[in-house]
Amino acid sequence: MLRLCFFISFMCLVKSDTDETCPSFTRLSFHSAVVGTGLSVRLMLYTQRDQTCAQIINSTALGSLNVTKKTTFIIHGFRPTGSPPVWIEELVQSLISVQEMNVVVVDWNRGATTVIYPHASSKTRQVASILKEFIDQMLVKGASLDNIYMIGVSLGAHIAGFVGESYEGKLGRVTGLDPAGPLFNGRPPEERLDPSDALFVDVIHSDTDALGYKEALGHIDFYPNGGLDQPGCPKTIFGGIKYFKCDHQMSVYLYLASLQNNCSITAYPCDSYRDYRNGKCVSCGAGQIVPCPRVGYYADSWKEYLWDRDPPMTKAFFDTAETKPYCMYHYFVDIVSWNKSVRRGFITIKLRGEDGNITESKIDHEPSAFEKYHQVSLLARFNRDLDKVAEISLLFSTGSVVGPKYKLRVLQMKLRSLAHPDRPHLCRYDLVLMENVETSFQPILCSQQQM
């Protein structure tokens with residue numbers, strides 16, 4: 001809540017621009033945020049035919065909305081400056097590009113624009129009521145609830161939940177993008193988004209220590225980088241306004257990345273981020289019957305696997321790169337050592353492709369105990385995917401700055417891709433790693449018995 005207060009104080013004046021040919025998202029000024037705004041909801045329809053020019057619709061005039069097709073509602077959250085969300089147009093275009101559908105932008109900027117956050121949050125039920133009135137008319141015209149999809153950002157996630165609750169959870173899907181935490185944390189299910197609000201509820205939590213909601217709210221809850229500080233976002237207040245909103249907005253950009261086919265972000269079901277980082281959560285993907293869940297638009301492809309769980313809910317964790325498309329590529333590094341004594345330490349791995357590109361991963365795990373003839377499997381994350389690896393470099397460190405330097409005697413090292421399980425496993429045998437000294441070698445294909 002403290003960061004929210006600072007966030008509001010950093011807002012600056014936004015000019016109004018109303019001279020437009022096509023209806024556009026309501027643009028208000030910071031003055032409007034200071035004096036407050038009454039609630040007014042506009043529904044803006046985009047279709048395959050009208051991708052850039054919205055049509056204003058309402059419960060008495062559905063316009064060119066095709067009730068036989070999927071309808072996706074985009075619901076924004078708190079707007080302390082009055083400006084439109086910077087991501088709204090890109091999200092509309094990206095959704096229409098992947099599937100022919102109706103996209104309805106729920107513009108409640110008059111109501112969400114205020115410097116007093118509780119005033120905005122108090123209007124969420126009213127917005128949900130207006131949306132229900134509109135959907136009721138869609139149903140009269142022949143639409144089906146399971147063909148309705150709601151994407152809610154921040155406060156918008158709870159609005160989507162309230163709409164779903166009014167239909168007893170029969171909506172097809174609700175996606176919550178960093179659902180708002182302040183004034184909702186600790187509230188009972190009927191006062192926030194929860195799994196009973198739709199047939200499938202997926203959530204991305206990207207700012208759980210400030211503006212977002214920490215606990216699980218859906219059938220599957222994704223926690224990028226543990227749901228806390230996001231790579232590429234400022235770490236101190238000296239980053240300006242971006243410090244306050246970057247982590248919160250990252251949920252939207254990760255969702256957008258899933259629509260743009262640059263890469264497929266996968267996550268790993270797990271009890272905690274710590275267990276995920278330590279490589280304990282790979283019950284999906286390479287070598288497994290169940291694929292790993294995909295983050296974003298295609299998350300619902302995993303719902304059939306959730307039905308086998310009791311309850312049908314899970315948390316999933318993943319890491320991201322600092323820049324678009326945010327994908328990290330996961331590998332397992334399996335090491336069998338033959339030291340007489342146990343060696344505890346960390347491994348850094350660097351890969352060089354045949355094209356000369358290099359990518360490095362500090363395998364960020366707790367100190368591993370390398371015991372004689374015992375295999376240790378380490379999860380490594382790279383921000384570049386190398387199709388053909390020409391050279392591998394390993395560095396062993398105990399993390400100690402004083403005392404003797406140790407050796408790690410490696411009987412076998414195996415590198416295997418989780419993202420591409422069909423790729424051949426790469427091995428190296430009989431290797432000695434001197435502490436804090438990088439050792440490079442050309443890998444060979446593992447023998448068939450070790451695949």
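A Cβ is built for glycine as well, from the same backbone N, Cα and C atoms used for every other residue.
Database features, via Swiss-Prot:
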type: SIGNAL; residues: 1-16; note: signal peptide
type: CARBOHYD; residues: Asn66; note: N-linked glycosylation site
type: ACT_SITE; residues: Asp178; note: active site, charge relay system
type: DISULFID; residues: Cys233-Cys246; note: disulfide bond
type: ACT_SITE; residues: His248; note: active site, charge relay system
type: DISULFID; residues: Cys270-Cys281; note: disulfide bond
type: DISULFID; residues: Cys284-Cys292; note: disulfide bond
type: DISULFID; residues: Cys427-Cys446; note: disulfide bond
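Swiss-Prot feature annotations superimposed on the structure.
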residue	record	Cβ contacts under 8 Å, 6 or more apart
Asn66	N-linked glycosylation site	Thr47, Asn102
Asp178	active site, charge relay system	Val153, Ser154, Ala157, Ile204, His205, Ser206, Asp207, Leu211, Gly212, Tyr213, His248, Gln249, Met250, Ser251, Val252
Cys233	disulfide bond	Gly239, Lys242, Tyr243, Cys246, Asp247, Met250
Cys281	disulfide bond	Tyr268, Pro269, Cys270, Asp271, Asp275, Phe317
Cys284	disulfide bond	Tyr268, Pro269, Val290, Pro291, Cys292, Pro293
Cys446	disulfide bond	Lys414, Pro424, His425, Leu426, Cys427
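Scoring each of the disulfide-bonded residues (Cys246, Cys270, Cys292, Cys427) by how many neighbouring Cβ atoms lie within 10 Å, the top position goes to Cys292. Secondary structure from DSSP puts His248 (active site, charge relay system) in a helix. The DSSP secondary structure for Cys284 (disulfide bond) is coil. DSSP assigns Cys233 (disulfide bond) to coil in the three-state reduction, placing it in neither a helix nor a strand.
Around the Cβ of His248 (active site, charge relay system), a 10 Å sphere holds 26 further Cβ atoms from the protein chains shown.
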